[in-house]
Amino acid sequence: MVKGKVNSIHYLRGFAALMVVFYHLKANLNNVYAQDNLGDLLFNSGAFGVDLFFIISGFIICYATDRKERSMASKYLVRRFFRIYPLLALSIIITFFVISVDPTLSFLLRSLIPLNTNYSAGSPFFGYNLLGPAWTLTYEIAFYAIFLLAFIISHKHRWFVSSVIIAILVFGIQEWQSGNITLLAYNNNSFANGSVMHAPLTFLASPLFLNFIYGMVIFKIHSLIKGVKVSDSVSFWIKLISTFVFSITALGILSVQVYGHGPILWGAWSAVLVLSGLVFETFSEIKENKVLNVLGNISYSLYITHAIVIEVFHKYTDTFTLFNDQKGFSTVIYLVCISLFVAYMAFRFIEQPCILVGRKLNNFIDSKFPS
């Protein structure tokens, strides 16, 4: 692993998770106040956090593998598995036993793989997962597999090889199966129907994968500019312009000037957000902020577990007498606070210990297979 973290990326990751939480709580503000669609007005853009997550993943996976190591492929797999899967699996199992409306073993096993529910249901959600937010983890895991292949081929050019593989899969499958190419993440492409290849072909042709390319290209740009020395006056203008671009982009997203998943909608805007933040940090210092640092730390736990908190609240609403049959800001604030608490506990007692197990296993690999 490379040393240090990039604060702009770390803080944006926490912001992305929190925006997804607010998006899933927006219904609690609709039809409550004089402005009937208040929840939609405030948080309808919150789902852009998914595209932001994908771009950050593309950046982080390149950044985290920047130093070539012994037994790199096996250590990469161990890190990714213990970073992602234990909390995901536990959350899916809890959802199955506590919330699920379809308590069948096959549904549980399919979700644990994880596979989405229905690959004929249209991109990019494909019928979601038993645990709602986990639909995105199917994309993440597929990207990890592609990236593994890429750095086995060439560690130095892993970002480029990964990008080429993704582009070939997305555009190649679309052209081969339909004769058309689309960048729209929302489409009804359904390939090789009735065949065992239906799910993988339909899934791998989703333009949502292109968001990972944004992140990897941004990593390459960052690696090229991070050592550049400029005068104070040039640095001032770079910081001013990057701040302006970041602010305008964030305003455009949050004011719903653009809406929808994919590389030409939220993906493109999120890429500008990430790049402008990184450019600013390259020529200036983004100071440590304890609150934002914690939010970044728990971002994955928050993204995965908040849906359980919300679903438990609504399914067992009679138990929560203080908020029984109520909506509004009080309920939203309450659920956000509970979600943050649960996420912190999950991070502290599940995610962190599992990451530690992964590190110990990698140390064991090093000891057994010395150079």
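Glycine residues also receive a Cβ, built from the backbone N, Cα and C atoms like all the rest.
TrEMBL annotations: computationally assigned, not manually curated.
Taken from TrEMBL, the feature domain 'Acyltransferase 3' covers 7-346.
Taken from TrEMBL, the feature transmembrane segment applies to 12-29 (among others).
According to TrEMBL, the transmembrane segment annotation covers 41-64 (among others). If you look at the transmembrane segment (41-64), the same-chain residues 6 or more away from its ends with a CB under 8 A from one of its CBs are 1-2, 6, 9, 12-13, 15-26, 29, 35, 79, 136, 139-140, 143-144, 147, 158-159, 208, 211-216, 218-220, 222, 253-256, 259, 261-262, 265-267, 269-271, 273-274, 303.
Residues annotated as transmembrane segment in TrEMBL: 85-113 (among others).
Non-local neighbours of the transmembrane segment (133-152) in the same chain are 20, 50, 53-54, 57-58, 61, 65, 72-73, 76-77, 80, 84, 88, 91-92, 111, 114-116, 124-126, 158-159, 161-162, 165-166, 169, 203-204, 206, 208-209, 212, 303-304, 306-307; each lies 6+ residues outside the stretch with a CB under 8 Å from one of its CB atoms. Residues or ranges marked as transmembrane segment in TrEMBL: 133-152 (among others).
Residues 62, 143, 146-147, 149-151, 153, 189, 191-192, 201, 204-207, 209-210, 212-213, 216-217, 219-220 of the same chain sit 6 or more residues outside the transmembrane segment (159-177) yet have a Cβ under 8 Å from a Cβ within it. The annotation transmembrane segment is assigned in TrEMBL to 159-177 (among others).
Sequence-distant neighbours of the transmembrane segment (197-219) (same chain, 6+ residues past either end, Cβ-Cβ under 8 Å): 51, 54-63, 115-116, 119-120, 123-124, 126, 138-139, 142-143, 159-160, 162-163, 166-167, 169-170, 173-174, 177, 182-185, 187, 189-191, 261-263, 267-268, 270-271, 274-275, 278. The transmembrane segment feature in TrEMBL is assigned to 197-219 (among others).
Sequence-distant neighbours of the transmembrane segment (240-260) (same chain, 6+ residues past either end, Cβ-Cβ under 8 Å): 41, 44-45, 48, 185-186, 266, 269-270, 272-273, 276-277, 279-280, 283. The transmembrane segment annotation in TrEMBL covers 240-260 (among others).
The transmembrane segment annotation in TrEMBL covers 266-284 (among others). Nonlocal intrachain contacts for the transmembrane segment (266-284), taken as residues 6+ away from its ends with a CB within less than 8 angstroms of a stretch CB, comprise 6-9, 12, 45, 47-48, 50-52, 54-56, 59, 185, 208, 210-211, 214-215, 218, 221-222, 225-226, 228, 230, 235, 238-239, 242-243, 245-246, 249-250, 252-253, 258-260.
For the transmembrane segment (291-309), the residues of the chain that approach it from at least six positions outside its boundaries are 10-11, 13-18, 20-21, 24, 49, 53, 83-84, 87-88, 91, 94-95, 98-99, 131-134, 335, 338-340, 342-344, 346-347, 350-351, judged by C-beta separation under 8 angstroms. Residues or ranges marked as transmembrane segment by TrEMBL: 291-309 (among others).
Among the features that TrEMBL reports, transmembrane segment is placed at 329-350 (among others).
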